[in-house]
Amino acid sequence: MATTKDYSQYFVAPDLKAAKKRGKEEVQVLQFEQIPEDMRHVGKNKRYLIQTYGCQMNVHDSETIAGILEQMGYTPTEHEYDADIILLNTCAIRENAEDKVFGTLGRLKQLKLEKPDLILGVCGCMSQEESVVNRLLQSYQYVDLVFGTHNIHRLPYLLQNALYSKEMVVEVWSKEGDVIENMPKVRSDGLRAWVNIMYGCDKFCTYCIVPYTRGKERSRRPEDVLNEIRELARKGYQEVTLLGQNVNAYGKDFKDIDYRFGDLMDDVRKIGIPRVRFTTSHPRDFDDHLIEVLAKRGNLVEHIHLPVQSGSTEVLKLMARKYTREQYLELVRKIKQAIPDVVLTTDIIVGFPGETEEQFEETLSLVKEVEYDSAYTFIYSPREGTPAAKMKDDVPMEVKKERLQRLNEVVNEIARRKNEALRGQVVEVLVEGESKKNPDVLSGRTRTNKLVNFRGPKHLIGRFVHVRITEPQTWTLNGEWVEEPVAQVGV
Ligand code: 5AD
Ligand code: SF4
């Protein structure tokens, strides 16, 4: 039985209660230590595979994990049966995300039996949950390594233990978190890069597990962020996306300087990188200075992802979002006034505990009023340890599904209408590559993050081109490459 084994050597249990503490302890900015001498060649002739679930933060963490593994000599593979180490970088935001990971782990058991030397690891948000770690210890004993979101920089040491130990190595800290600089990274794309500007979240929306799995809000120092972006510009990157669970809280934790997200964006604007995006915004901290800076445009694109979650003030209150429907709409009005062609997108949850039909209809009416270009819509999923999990999850599943469908119909109808308005217009596209569906077609994105497909020579990949939209659809825009230089349209 797993429970009778002694894991104390490695096991630092995740604890959701401890994870909730937001102490006065100063955030430390630490430098990534060199890979220990005896681990530098451990991956020679060996291959790694990282399977990433969830948000961009995880995608970017996987780039860091890949960077560390490559410094140890590992090379990448896309095939499970070729891999000497497989890491699942997991997401905990909804139950179905977790189910997928347990499904994959179940499937990988066979491979582990065939290849006992394979190192199988679980990291990311799920590993920060007590219940998940207990389940792994009980029922997935063939997993070799479990590490949390605060422990990525410790990977060389943890892997060393996993390689030489027969027992599961578990290291997850429920701590508030530090900032680790200079971690190696393997960026999977040569055009577009992600840059963390802050970590963690202190908002504690009642449905959300993130503040527990990602620790407290802590910002990277401005000079570290700006230097990283300058370096990316030098390397020829065309686009950066600034990442944080709540980017608008950037700088709130600085004690020595008064420097917030608006100031950072104003400085990033002066760097010679053609496009700058950011995600995700919380409406509460979205201040006037930021709107003013975004309105200067240049490399700051006209797209804002502004999660609303619900259109009902009562539901927003239960969610602890700390704004009302009216305050949200007022923010949207200010943004649209400053940037009339702005594209807004959002996240919405349906079926939150106690949500009535009328309250749901308020969400529908808000969506119609704001006219989002697209929205990520979710059915509420209770997360253990969050305040909402203690509320009665009383909206029946059929009602949740029906609401989701009605909401999606409204969202799609508006998306289609918005795209239709682009028919005949010429837009600027950063060409990313061949379309996934058809290698004869190229695809790329507008400044507003809309996907555009068009026919053109392959040498356009990596460049900015102009495309005339001929066939707008709900999710994508089909168009024709405009070879002659034309005046740029800010779309
Ligand atoms: N159930 C459903 N959706 C959730 N989200 C966060 N937590 C939950 C949950 N418990 C959604 C929110 C958030 C997005 C990333 O995921 O809409 O903005
Ligand atoms: Fe979760 Fe709310 Fe923080 Fe977003 S702002 S990560 S929804 S707690």
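Quick reminder: no glycine exception, Cβ is built from N, Cα and C everywhere.
What TrEMBL lists as domain 'MTTase N-terminal' is 46-164. The feature [4Fe-4S] cluster 1 binding site is assigned by TrEMBL to C55, C91, C125. Taken from TrEMBL, the feature domain 'Radical SAM core' applies to 187-417. Summarising the annotation, TrEMBL assigns [4Fe-4S] cluster 2 binding site to C201, C205, C208. Sequence annotations record features per position, and here TrEMBL assigns domain 'TRAM' to 420-483.
Structure with TrEMBL features highlighted.
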| residue | record | Cβ contacts under 8 Å, 6 or more apart |
| --- | --- | --- |
| C55 | [4Fe-4S] cluster 1 binding site | C91, I93 |
| C125 | [4Fe-4S] cluster 1 binding site | G54, N58, T90, C91, A92, I93, T149, I209, V210, T213, R214 |
| C201 | [4Fe-4S] cluster 2 binding site | C208, V210, P211, R214, E217, Q245, N246, A249 |
| C205 | [4Fe-4S] cluster 2 binding site | Q309, M319, A320, R321 |
Which chain neighbours of the [4Fe-4S] cluster 1 site, leaving out C55, C91, C125, have a Cβ atom within 8 Å of the mean position of the site's Cβ atoms?
Y53, G54, M57, N58, T90, A92, I93, A97, G124, V210, T213
Where does the mean pLDDT land for the domain 'MTTase N-terminal' (46-164)?
95
If you check the binding-site residues C55, C91, C125 one by one, which have a CB less than 6 Å away from any atom of ligand 2?
none
Among C91, C125, C201, C205, C208, please name the binding-site residues whose Cβ is nearer than 6 Å to ligand 1.
C208
Starting from the Cβ centroid of C201, C205, C208, which together make up the recorded [4Fe-4S] cluster 2 site, report each further residue of the same chain whose Cβ lies within 8 Å of that point, ordered by sequence.
K203, F204, Y207, I209, V210, P211, Q245, N246
When secondary structure is assigned with DSSP, how many helix, strand and coil residues does the domain 'MTTase N-terminal' (46-164) contain?
66 helix, 23 strand, 30 coil
Should C208 ([4Fe-4S] cluster 2 binding site) be counted as helix, strand, or coil on the basis of DSSP?
coil
For the domain 'TRAM' (420-483), DSSP counts of helix, strand and coil?
4 helix, 35 strand, 25 coil
Using DSSP reduced to three states, classify C201 ([4Fe-4S] cluster 2 binding site) as helix, strand or coil.
coil
